[in-house]
Every structure is written in C-alpha cells, then in structure tokens.
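Enquirer: What TrEMBL records for this protein is below:
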type: ACT_SITE; residues: H45; note: active site, proton acceptor
type: ACT_SITE; residues: E77; note: active site, proton acceptor
type: ACT_SITE; residues: H199; note: active site, proton donor
type: BINDING; residues: N9, R20, D200, G222, H223; note: 3-amino-2-oxopropyl phosphate binding site
type: BINDING; residues: R47, H52, T107; note: 1-deoxy-D-xylulose 5-phosphate binding site
type: SITE; residues: E158; note: site 'Transition state stabilizer'
Amino acid sequence: MTPSRLSVNVNAIAMLRNRRDLPWPSVTGLAAIAMEAGAKGITVHPRPDERHIRKTDVFELSEMIEDRFPNKELCLEGYPSDDFLKLVKEARPDQVLFVPDDPDQTTSDHGWQFDRDTSRLADAIASAKDWAVTVSLFCDPDPSAPKHAASLGAERIEIYTGPYGACYDDPAKAEIELTKVVETAQAAHGLDLGVNAGHDLTVENIPALIARAPFIREMSIGHGFTADALIYGFAESVRRFRTAMGEI
Ligand SMILES: CC(=O)[C@@H](O)[C@H](O)COP(=O)(O)O
Ligand SMILES: NCC(=O)COP(=O)(O)O
C-alpha cells in the first residue's frame with residue numbers, strides 16, 4: 001500500500017469547539033481518529049488571534065503524537081513572527097510551513113514574494129533547521145518560485161492550490177490553474193525539493209493533480225476534509241481522500 005500523503009488539518013474542529021467554553025468536539029480526539037484511520041499526520045495553523053487552534057492545542061497534539069503515534073507527523077503552519085518561532089522551538093513539530101499571512105488575514109491566500117520577504121525568512125529557516133524541524137515554504141503556483149525556496153535553504157515547498165480549488169464549477173479554468181500547479185511541482189521536484197500541496201483540495205479535485213504530479217509528498221487538507229467528514233465521518237473521510245490520492 002502507498003504510504004499516506006494525507007495530513008488532516010484540524011483548524012475547523014477547533015473553530016467549532018471554540019463556539020462554547022467546552023472541550024468538544026475534541027481536537028486531539030478527532031486527530032487521533034484520523035491517524036488511526038491512516039492519515040500520515042496532523043496539520044494546524046495557530047493564528048495569532050487563536051480564532052481556532054490555540055497554543056495549548058499545539059502542545060496537546062505534539063504530546064499525543066509523540067506518545068501514541070510516534071510514526072505520525074505534526075506540521076505547524078504560520079507566519080515566522082518571534083511568537084510563532086518560539087512556539088516552533090517549544091513544540092518541535094516534524095515540519096513547519098512558513099506562510100506570509102498578516103495577523104488578521106481571513107485565510108491563507110498567497111505564497112511568499114521572494115523579491116521582498118527574504119531576510120526574515122532566511123533567519124527563520126536557519127532557526128527551524130537548528131531545531132531539527134523540516135522547513136517548507138508556501139509558494140504560489142508559479143514555476144519560478146521553487147528556485148528561490150531552494151536557495152533560501154528550504155527542504156520543501158507547499159504549493160498554494162486555492163486558485164485551482166476555486167474552479168470547482170469551471171473545468172476549462174481548472175485545467176489552466178492545474179497546469180500552473182503541476183509546472184510548479186515539476187520545477188520543485190527537479191530541484192530535489194519535497195513537494196507538498198494545500199488549500200481547498202477535495203475528493204473531486206485531487207485525482208487530476210495526483211495523476212500529473214504523483215511525486216507529491218503531502219497534502220494538508222482541512223476545509224474540504226471537514227465538509228466531507230460531516231457527511232461520512234472522520235475515519236471514512238480519511239479513506240475517501242486516500243482513495244482520491246490513489247493510495248488505497
Ligand atoms: C497555509 C494554508 O494553506 C492554509 O490553508 C491553512 O492552514 C488554512 O487556514 P485557515 O483554516 O485559518 O483558513
Ligand atoms: N496547508 C493547507 C491546509 O492545511 C488546509 O487548507 P484547507 O484544506 O483548509 O483549505
């Protein structure tokens with residue numbers, strides 16, 4: 001069986017939990033169900049306002065994975081602020097994805113602008129590597145981006161697939177956006193960067209992407225996964241997404 005590429009993003013579970021001052025739905029409990037069902041790991045994006053994932057969730061997830069799922073992986077996403085870097089240093093995830101988000105941004109909607117963002121990134125990448133955390137950079141679907149990520153010392157990129165995901169009802173436009181994602185993936189693969197992809201991926205749009213970029217290492221999926229799991233349940237959605245990825 002092909003190893004799993006699916007990292008389940010549990011931001012939306014935390015958002016639902018935060019509606020009340022109560023501990024359910026449980027972020028760690030549903031993360032455990034996802035990993036037991038075959039996900040390779042868990043992704044969280046603790047935003048500065050803690051609107052969904054809280055710092056306490058990060059430590060609880062990290063401890064649970066270390067204790068109960070030592071072969072699974074935790075990925076933390078965030079802007080490399082001093083506060084976020086402190087969290088990475090303390091929680092020691094397996095992987096960190098640096099994203100260029102403003103603190104008040106609704107969701108991630110672009111990759112790094114490598115002509116202006118590099119000095120903060122270079123320092124953050126060096127620190128994370130010192131802490132033995134694999135570094136990935138969020139990149140637009142632009143084949144010129146991976147060479148910048150490689151020259152900064154990143155080990156992976158995550159291609160922002162939002163524009164592809166947004167074309168769910170327009171196959172001709174989806175093909176144009178998919179081509180940009182695939183060409184970016186190929187450029188990164190040719191540079192020996194690990195290639196991840198994320199944002200608005202679904203059971204419907206994953207097969208065409210995997211068919212053209214089978215070397216993709218990881219897909220972190222939250223919004224579409226949660227929507228699917230509300231219908232099918234967390235464990236069954238892991239199976240459905242892994243089937244879409246051609247893994248089972
Ligand atoms: C980095 C990225 O792609 C984001 O999609 C992400 O983790 C989603 O964040 P929100 O759940 O806050 O929209
Ligand atoms: N890195 C992307 C991610 O973690 C989840 O994005 P989405 O599936 O919630 O759009």
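Backbone N, Cα and C define each Cβ position, glycine as well.
Predicted automatically and left uncurated, TrEMBL annotations should be read as such.
Can you tell me where each of these features sits in this structure?
Expert: Annotation note: H45 (active site, proton acceptor) sits in a coil segment as assigned by DSSP.
For E77 (active site, proton acceptor), applying a Cβ distance below 8 Å and a minimum sequence separation of six or more within one chain yields T43, V44, H45, V96, L97, V99, S108, F138, S220.
Applying an 8 A CB threshold to same-chain residues 6+ apart, the list for H199 (active site, proton donor) reads T107, S108, Y160, T161, G162, G165.
Sequence-distant neighbours of D200 (3-amino-2-oxopropyl phosphate binding site) (same chain, 6+ apart, CB under 8 A from its CB) are T161, G162, Y164, G165, A166, H223, G224.
According to its DSSP assignment, H52 (1-deoxy-D-xylulose 5-phosphate binding site) is coil. Within the same chain, residues at least six positions away from H52 (1-deoxy-D-xylulose 5-phosphate binding site) with a Cβ under 8 Å of its Cβ are N11, A12, A14, M15, N18, H45.
E158 (site 'Transition state stabilizer') counts 31 other C-beta atoms within 10 Å of its own C-beta, drawing on all protein chains shown.
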Enquirer: Cβ under 6 Å from an atom of ligand 2: which of these binding-site residues qualify? The list is R20, R47, H52, T107, G222.
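Expert: From R20, R47, H52, T107, G222, counting a Cβ under 6 Å from ligand 2 as near, the near ones are G222.
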Enquirer: Please determine which of the binding-site residues listed here (N9, T107) has the lowest count of neighbouring CB atoms within 10 Å.
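Expert: Checked N9, T107; of these binding-site residues, fewest Cβ neighbours within 10 Å: T107.
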Enquirer: Could you give the Cα-Cα distance between R47 (1-deoxy-D-xylulose 5-phosphate binding site) and N9 (3-amino-2-oxopropyl phosphate binding site), in whole Å?
Expert: 13
Enquirer: Around the 1-deoxy-D-xylulose 5-phosphate site formed by R47, H52, T107, which additional residues qualify by having Cβ within 8 Å of the site's Cβ center?
Expert: N11, M15, H45, R51, I53, T106
Enquirer: Tell me the Cα distance separating E158 (site 'Transition state stabilizer') from R20 (3-amino-2-oxopropyl phosphate binding site), rounded to the nearest angstrom.
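Expert: About 33 Å separates the two Cα atoms.
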Enquirer: If you count, for each of the binding-site residues R47, H223, the other Cβ atoms lying within 10 Å of its Cβ, which residue has the minimum?
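Expert: Among the binding-site residues R47, H223, the sparsest Cβ neighbourhood within 10 Å belongs to H223.
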